[in-house]
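Visitor: The structure's right below; bear with me while I get my questions together.
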Ligand code: ATP
């Protein structure tokens, strides 16, 4: 038997972080030997072994700590892309924002009023998702369970990509598995950007806000805990209009702008004079990693894979073959609509962006992610949320059958399906 290589020991001084990128297709283990440490707000338990797979993280400590890193099938150095310590972090700023939000939650609990509705904004790769995680985890430590809302269909922290979604966050975010997502509220945009169909995106934002408002009205704790909304990194032109629409629709009162002077000043002037909305500018952490287009695409594919196979590859989805006629697939809008950038200046698509039409060619669906809608009738498809997803593995036009991958065997939970444009290869 091969002897295990020696672990790597790291000692962190207080208020510093260890920034670590694990290579694609590699993994390593992390242990907090002593002291206090957290990953994006999730406290590490002393002596517990955490497995990190192709992640880019920072282990931050408020008080100082000793860590141990160990390779799994190789020396730990071989699994590490980048590792370094930094004392230059915006964690104090972030903790101050948490204190502000927590004061609002406490007041809301006392008076039965609404807790903070926070939206995190900034360009791509400024650390928006990370800040949401930190603030959610800090709220959970104070026994609050805010609702997390992800309005970025590009990545998908709550559901696979091409969706917007919401979920209450009742426990700390798992270092290995991410957000604990049970019974999320999900709408399927069909596209990884709202660009081809912004009307549909606005419609979903409105449906979601209306449902979450109802939930908040009926429960004091939920209302007081408030919302944490993650946004897209598209902040110009139409992206900016969609941000304003979301801010108004969710009645956001804490606007956190990371590292973007222009956006901060634009929003500052819009809300100037409005005492109930605070616009706060925050520093981008130097640790946030830029992800090129190919990496974004591969992490989207990975999210879809994880939906079916689990983050630890321990789920067993089923392949099901059915006649064409058994799948009732629809599409919203004009199908594969051209993005606005492909239209002439000032050009408008003449098709009805909210029209629901049946998909007639099963061949188009090959390798596509398809949403299973909660709709009971086709005319409910536009506004109904999503029960789950299937992936089309093969289409056989001769036998007129389709084979799809589903999270579990048996009938689909609902009869109507929604197609978009997201394709990937899973097997
Ligand atoms: P997007 O525009 O895609 O939504 P974003 O603005 O939400 O991106 P994040 O996803 O929060 O950015 O961060 C980008 C990457 O940087 C992530 O992989 C995240 O884990 C990593 N990251 C964030 N903060 C740090 C840090 N302090 N040290 C190391 N890695 C970090």
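Every residue gets a Cβ built from N, Cα and C, even glycine.
Just so you know, TrEMBL annotations never went through curation; they're auto-generated.
Pasting the relevant annotations from TrEMBL:
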BINDING   17, 56, 125, 126, 127, 128, 129, 130  ATP binding site
DOMAIN    12-108  domain 'Clp1 N-terminal'
DOMAIN    122-310  domain 'Clp1 P-loop'
DOMAIN    315-422  domain 'Clp1 C-terminal'
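I'd like to know what surrounds each of these features in this structure.
Guide: Sequence-distant contacts of residue 127 (ATP binding site), defined as residues of its own chain at least six apart whose C-beta falls under 8 angstroms from its C-beta, comprise 258, 284, 285, 288.
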Visitor: Quick check: in three-state DSSP terms, what is residue 17 (ATP binding site)?
Guide: strand
Visitor: Can you check which residues sit near residue 17 (ATP binding site), meaning Cβ under 8 Å from its Cβ, same chain, 6 or more apart in sequence, and list them in order?
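Guide: Within the chain, residue 17 (ATP binding site) has Cβ neighbours under 8 Å at 58, 59, 60, 61, 85, 86, 89, 91, 287.
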Visitor: Could you break down the residues of the domain 'Clp1 C-terminal' (315-422) into DSSP helix, strand and coil, giving a count for each?
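Guide: The domain 'Clp1 C-terminal' (315-422) comes out at 13 helix, 44 strand, 51 coil.
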Visitor: Where does residue 129 (ATP binding site) sit in the DSSP three-state scheme?
Guide: helix
Visitor: Return the single residue from the binding-site residues list (56, 128) that has the minimum number of other CB atoms within 10 Å.
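Guide: Among the binding-site residues 56, 128, the lowest count of other Cβ atoms within 10 Å belongs to 56.
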